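Below is one structure, written out as structure tokens; the observations come after it.
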Amino acid sequence: MNLHEYQAKQLFARYGLPAPVGYACTTPREAEEAASKIGAGPWVVKCQVHAGGRGKAGGVKVVKSKEEIRAFAENWLGKRLVTYQTDANGQPVNQILVEAATDIGKELYLGAVVDRSSRRVVFMASTEGGVEIEKVAEETPHLIHKVALDPLTGPMPYQGRELAFKLGLEGKLVQQFTKIFMGLATIFLERDLALIEINPLVITKQGDLICLDGKLGADGNALFRQPDLREMRDQSQEDPREAQAAQWELNYVALDGNIGCMVNGAGLAMGTMDIVKLHGGEPANFLDVGGGATKERVTEAFKIILSDDNVKAVLVNIFGGIVRCDLIADGIIGAVEEVGVNVPVVVRLEGNNAELGAKKLADSGLNIIAAKSLTDAAQQVVAAVEGK
């Protein structure tokens, strides 16, 4: 679950991290009043969406008058911002962040993720602030410096100083950087985060560090013990199909293709998407119905998949280990009858009672194509989309 920039900075403030004075506003009038609270300009106005690339898309602007603030708010509030990280529809702009402008001397990067290879929380710092860290990692990986947190000791001040020295910081900036490092690490661990970024972390012309931007991603599996983060959730920024799937404990991610995929198991789902691509198809989604694929969940999965108007065919790929394939077949038949599926449905069953399940599908009299293998399933669903 992602947070908005203004929400990230609210958390920064609670943990004593320096950030520009700012207010999230939902109307042009509130935006003007926020500027008055902040004081003399210039100010920075920022569209609040769960996506990067806002500046290049016109969603961030330095303004020198309240008239400009009102014009920016009137232009963006209630609209959708399209960036390179969104789809063609963009994300809705429901808040504008109004902040005091900062005199930027130099831009740095500081962030942390859970590194699966080392099984540690790893902090990354770079002198290449203001640039996507993925781009830095690809083009100039030697400019990224890392430290891993020991789960027994947690973050240590010497690690912050180590990163500061590698960034070429001196004097009071080393102390300020270490404080920010310790604060970010504390937020990451106490709030069960999966990602935290300050990009850019700015050295002002006055010689101080300030968190100019903030990006936080919470671990969805830990939200049950983070009630204040749950309250910050903005479902308007999420795909409604993904929200509906979460209510049924279905793992769904919307994509841009036209072949709906329903699979039990995340690994099998990724493999299914790969083989669909291999045979020239484009998956419309990732959908893992999990081990408890009941008729009700299969029905709901069909509803979610078919709510995407781009879907021209559905591929169901089930491996019967925990669940029996004949019960899955009953669920598929019931779901197709209830939902009224009007696109071709290709089903591949393998494992426990697979033959009985295939027989039930064949005897159902419905427009369900039984595949003999995963390759056969991919070929048939691609052919169905192409009208062959």
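Cβ atoms are placed via backbone N, Cα and C, with glycine included.
Here Swiss-Prot flags LYS46, GLY53, ARG54, GLY55, GLU99, THR102, GLU107 as ATP binding site, drawing on sequence analysis. The feature Mg(2+) binding site is assigned by Swiss-Prot to ASN199, ASP213, with sequence analysis given as support. Residues or ranges marked as substrate binding site by Swiss-Prot on the basis of sequence analysis: ASN264, GLY321, ILE322, VAL323. Look at Swiss-Prot and you will find 9-244 tagged as domain 'ATP-grasp'.
The Cβ of GLY53 (ATP binding site) lies under 8 Å from the Cβ of THR83, TYR84, GLN85, each of which sits 6+ residues away along the same chain. Residue pair ASN264 (substrate binding site) / THR102 (ATP binding site) shows a Cα separation of 50 Å.
Neighbour counts of Cβ atoms within 10 Å were compared across the binding-site residues GLU99, GLU107, ASP213; the minimum falls on GLU107.
Max Cα-Cα distance over the annotated substrate binders (ASN264, GLY321, ILE322, VAL323) is 10 Å. GLU107 (ATP binding site) and VAL323 (substrate binding site) have their C-alpha atoms 54 Å apart, to the nearest angstrom.
The Cβ neighbour count for GLY55 (ATP binding site), using a 10 Å radius over every protein chain in view, is 13. Among the binding-site residues listed here, namely ASN199, ASP213, ILE322, ASP213 has its C-alpha nearest to that of LYS46 (ATP binding site). When the binding-site residues ILE322, VAL323 are scored by other C-beta atoms within 10 Å, VAL323 scores highest. Cβ environment of THR102 (ATP binding site): PRO20, VAL44, VAL202, THR204, ILE210, LEU212 lie under 8 Å away, each six or more residues apart in the same chain.
Between the C-alpha atoms of ASN199 (Mg(2+) binding site) and GLY321 (substrate binding site), the distance comes to 45 Å.
Residue annotation for ATP gives LYS46, GLY53, ARG54, GLY55, GLU99, THR102, GLU107. The furthest Cα pair among them is separated by 19 Å.
Within the same chain, the residues at least 6 positions away from ARG54 (ATP binding site) whose Cβ sits under 8 Å from its Cβ are LYS46, CYS47, VAL60, LEU81, THR83, listed in sequence order. Of all the Cβ atoms in the protein chains shown, 24 others lie within 10 Å of the Cβ of LYS46 (ATP binding site).
Closest to ILE322 (substrate binding site) in space, going by CA atoms and restricting to the binding-site residues GLY55, GLU99, ASP213, is ASP213. Between the alpha carbons (Cα) of ASP213 (Mg(2+) binding site) and GLU99 (ATP binding site) lies a span of roughly 11 Å.
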